[in-house]
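Visitor: Pulled these features from Swiss-Prot for this protein:
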- 27-238: topological domain 'Extracellular' (TOPO_DOM)
- 28-122: domain 'Ig-like V-type 1' (DOMAIN)
- 134-228: domain 'Ig-like V-type 2' (DOMAIN)
- ASN185: N-linked glycosylation site (CARBOHYD)
- 260-300: topological domain 'Cytoplasmic' (TOPO_DOM)
- SER282: phosphoserine (MOD_RES)
- SER285: phosphoserine (MOD_RES)
- SER288: phosphoserine (MOD_RES)
Amino acid sequence: MGTEGKAGSKLLFLFTSMILGSLVQGKGSVYSPQTAVQVPENDSVKLPCIYSGFSSPRVEWKFVQGSTTALVCYNNQITVPYADRVTFSSSGITFSSVTRKDNGEYTCMVSEDGGQNYGEVSIHLTVLVPPSKPTVSIPSSVTIGNRAVLTCSEHDGSPPSEYSWFKDGVPMLTADAKKTRAFINSSYTIDPKSGDLVFDPVSAFDSGEYYCEAQNGYGTAMRSEAVRMEAVELNVGGIVAAVLVTLILLGLLIFGIWFAYSRGYFERTKKGTAPGKKVIYSQPSARSEGEFKQTSSFLV
């Protein structure tokens with residue numbers, strides 16, 4: 001008998017033992033021959049759930065993805081959000097078409113109407129989606145001796161992609177980088193899960209053209225655009241020149257204020273303004289002293 005025949009016989013023996021044990025003990029059992037299922041996106045798939053020892057089974061299916069929980073099946077009936085693409089049977093549920101949003105854990109829960117008998121089994125569903133072209137963040141120039149972080153990411157691949165980096169077309173090792181002659185003078189680390197490439201510190205040998213690759217074991221590995229990064233020396237001369245120019249300008253400003261003060265410019269400005277005095281203008285009277293003019297007459 002071949003290996004496949006032995007495995008099939010063993011599975012049949014375990015299933016038969018489970019059924020007989022449940023009948024003897026009067027306790028229900030729930031079982032699935034597949035606790036991890038992988039299927040390409042848009043294909044159909046069945047999640048099997050086999051149970052025994054229940055006189056009146058009540059079946060529910062729960063879906064968990066991160067912090068999100070939803071009921072796919074309640075009391076042997078598919079719920080409304082899944083009714084158009086999921087069917088229920090006594091041996092499991094079948095998706096007519098799956099998307100990457102269906103990734104997660106499905107739990108088949110079987111109980112009696114009275115609630116005294118209960119069993120469950122969980123199945124992890126992975127919807128296979130090839131990675132998309134990753135995007136990178138690579139600085140055009142970095143200062144030698146500083147820390148530099150290059151990032152690579154893509155968000156379509158399922159399962160999540162792992163990342164690798166290349167410099168001038170040469171693969172960068174994720175461990176023991178100095179074993180490669182091209183990187184013997186470089187100090188870097190690569191996190192294949194997050195896609196981060198970290199130089200700490202940057203050396204003059206780190207100048208070059210960098211790109212990354214994303215792959216998840218399904219479909220073709222995808223490559224990012226290549227971007228050149230230059231490792232440059234700290235411009236000490238430029239910093240000194242900037243400080244000197246600033247000091248010269250500050251000195252000229254102080255000299256200008258002193259010169260204006262010594263020439264009395266500020267004193268003349270104070271005298272010219274005389275802020276405490278007010279000038280009042282009045283309209284001349286129509287009659288001045290020594291003159292008499294009849295302005296009106298009255299007749300009685």
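Note that Cβ sites are derived from N, Cα and C of the backbone, with glycine treated the same way.
Since we're looking at a predicted model, the values are computed, not measured.
Any idea what these are sitting next to in the structure?
Guide: All protein chains included, ASN185 (N-linked glycosylation site) registers 11 other Cβ atoms within 10 Å of its own Cβ. ASN185 (N-linked glycosylation site) falls outside any helix or strand according to DSSP and counts as coil.
Taking the topological domain 'Cytoplasmic' (260-300) as a whole, pLDDT averages 56 in the prediction.
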Visitor: Can you tell me how the residues of the domain 'Ig-like V-type 1' (28-122) break down into helix, strand and coil by DSSP?
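Guide: Split by secondary structure, the domain 'Ig-like V-type 1' (28-122) comes out as 6 helix, 55 strand, 34 coil.
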